[in-house]
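Marked as signal peptide by TrEMBL: 1-31. Marked as domain 'Bulb-type lectin' by TrEMBL: 43-175. Annotated region 'Disordered' per TrEMBL: 308-328, in sequence order. Annotation source TrEMBL lists transmembrane segment at 429-451. Per TrEMBL, the feature domain 'Protein kinase' maps to 478-652. Per TrEMBL, ATP binding site is recorded for 511.
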């Protein structure tokens, strides 16, 4: 008789328990493996109607590049749409230096942040390449064509291309046409290459490499808005009429610029030539790229394709060529100002949770750092320009101001023997005698010069400007032929001062036509007030003439004309708003200097577009202090009772 098996619940559970444990282990293992598999999904292209979602990507045919979603270093739940070198494990995070392109909004330059729910697709309705998050459009490719895109591919050169129905010959949009901070071999730059704000922060920074339509290649630091000439810190100076230029990065790692004249190639020049030792064995075995780095230096990088002995990126060249030369720490030091801050400083570069020594090192290694602020004893902020400083016991910030070191070397001279001193004694006596003769000669010449001036009736009005004779100014202006302008104060003529020892200097001579209305006191006031002014936004007075009935003032020539011509001349192109804002700030700085910067405070009383001139760089400068009123040290306000002219003016 067969044995009867026990059927109690405890007996069944005891025998089924190993099986249940094995099933649960397989479920957990599958749950762990599924995300990893999702993270490694790679496609060869993206066709119309298909979608690409984080963290997926497409690859180039050779597998050297990837395009798709890259997670942020600080927040893995957010992604950027980017192209990167596909080096290492497919599941590994692409390093920041490997990212060669990333999507940016065309208007603000900001990088759209995608989430796990974001979708990249070629919309079947209109064939546009679009990145969306729900109903919100985060980014779309700038496709000016009315053709519909059918497929998105990534070439072996790293170029992302939206193709039409015509295949590779029908490119509707390509990432090479919209570079961010990097150029790849074969890529041409027609506009600007913009640095990132930080190595791991994919937003537009403050430096630009610009290939300009006037033929100039320029490096800019953006202090306010836009690239203006006074913000340039390096240039080829190849600008000229009917000129244009493009920048190209070739397969050998050379960064070149081509200069065109009237649409024809004039010359091909090299900006960066890589070191031959950086690519042993030939260029085909290496990856190359050129980048506008976050510190304002353009660098070219190289890396072996197959790893080799040095699998990391190495710098093969820089622009400027002395960009990585160092020496900043040895030339400058930081002077501490306790309880001091600049509340509206420009372009902070912040480093949280650092020591003061680290903060000092950051500022000394950055050639654009004017000062560093230690905020609360733990946070460091680099300052590019100093404005609106404040100091007080309630300020929890210490300022570290960068200053150039003085020459403090004091090498002791070796002692000489008595015999050596005896031999040199005659030479010392001769040297002293020659020095005395030289002093007497110079003194005689100076005395004769002042005596001749006094005989001509010209007494110096200011020690900071030169007194001209009427004959000198008559010759310099070629007989007062070139009339620049005429106003209620007089006539202004263009001239040139020529000297065999110095280059020719263009001048503007203001000839007072109604000397009986312009009193001697007013003339002396103008010479003394303008003669002591030295400011980049004020026209500098070079000299004056006070001979007989002639009263003239000599200023540096401003080739850019007046602000009136730019604002109201219908034939001229209206200036952009960022230039107008810069001009307004420059004029305000000049007025502020007149009011508070001079030893004798000055009120202009005739501010108008005609009295704002532009120099050769387009920088506004204030001129015409003919009705300037000098204020005493204790006088803050003044009442102007007589203003020459009849135009509408503004007292300032």
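Just so it is clear, glycine is given a Cβ too, placed from its N, Cα and C backbone atoms.
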For residue 511 (ATP binding site), the three-state DSSP class is strand
With DSSP as the yardstick, break the domain 'Bulb-type lectin' (43-175) down into helix, strand and coil residue counts. 7 helix, 54 strand, 72 coil
Averaged over the domain 'Bulb-type lectin' (43-175), what pLDDT does the predicted model reach? 87
